[in-house]
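Everything below concerns the one structure shown next.
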Amino acid sequence: MAAAAAAAAATEQQSSNGPVKKSMREKAVERRNVNKEHNSNFKAGYIPIDEDRLHKTGLRGRKGNLAICVIVLLFILAVINLLITLVIWAVIRIGPNGCDSMEFHESGLLRFKQVSDMGVIHPLYKSTVGGRRNENLVITGNNQPIVFQQGTTKLSVEKNKTSITSDIGMQFFDPRTQNILFSTDYETHEFHLPSGVKSLNVQKASTERITSNATSDLNIKVDGRAIVRGNEGVFIMGKTIEFHMGGNVELKAENSIILNGTVMVSPTRLPSSSSGDQSGGGDWVRYKLCMCADGTLFKVQVTGHNMGCQVADNPCGNTH
C-alpha cells in the first residue's frame, strides 16, 4: 500500500509539471496492481457455500410428482361430477319453475308427473305405490318380466304367462266386497277353481280328495308319466272311469287291487292274427284271454285250433 501511495504522490508531482509519458513496463505494472486491488475488494464479502446445503423451497422430486397426481385426480373428479350433474339436470328436468318430472310433498309423497323409466323400486316400510284418482297405473317391462316380490312371495308377469310363487300361501279378495275368491288355506277354505278357469296345471299336488262338478267330467291329462299314490290307499269312484294312454298301465298295491264294477276291455286295439295263419308258425306266440266266474282274468297259450280255456292250471278251480 505504501508503494502504491508513493507512486501516486510521484505521479501527482509529475502531473503538476505536465503530462508524463510512461514506459510499457510501468504501464503493465500499474495495470497489474489495479487488477489485484479490484479483485481483493470484490472478494472481501464473498463466502463460498455449497448449494446442496442451502434451504430448498417449493415441491421437488417425489413430492412434486405426487402433487401433480393429486391435481389431475381432482380435475377428473370435477369432470365426472359435472357430467353427473348434467345428466341429473336433463333427466329430472330442473328449470326456473322447479322440477318438471316429479313433485315432493311435505307428507312424504313423491309424485311422478310423466312417464318414468326405472329398474328396481324398493318401497319403504308400510309404503304404497299407486296411481292418480280415476287413472290407471300402467307398469310396462321392456322385453323383460315384471316382478313384484316381498320376502319369499313373488308375482311375475311375463308375455305369455303370469306366475305366483309363495312358501306360505295366497288369497285373492274382491276389493269391493272383501269376499275371498280363491285361497290356498285348505284347512279353512275348500279349494275351488275360480270362475272361468277350466284347467289347473301343476307338477305335483298333495290333497285328500279331487272331485269335479256334478255336471262335468274330471279329466287328468299328462304329457309323460302320471303317478297317483295314496298313503292309505287310492279310491277312484265315478259313473264311468276311462283310462287312455299310449304306454303301459301299472297298478301296484301292497295288499290287493279291487275292481268293483263292470270291467270292459275293447278288443279293437288288441293284436289279432288272420284266419290263414298257422297256430304255431313263425315267431308269433298267441294267447287266449279267459275269465273266471268271479271276474278273475288269466291267459292260456294257444297251441292248437279250437282250443278253449279248460286247462289244468287255471286259477278258477273247478269253475271255468
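Placement of Cβ uses the backbone N, Cα and C atoms for every residue, glycine included.
Keep in mind it's a predicted model, so treat the numbers as computed, not measured.
Of the given residue ranges 1-34, 69-102, Swiss-Prot assigns the label region 'Disordered' to 1-34. Counting other Cβ atoms within 10 Å of each Cβ, the lowest count among the glycosylation sites Asn160, Asn213, Asn260 belongs to Asn160. Regional average pLDDT for the topological domain 'Cytoplasmic' (1-67) in the model is 67.
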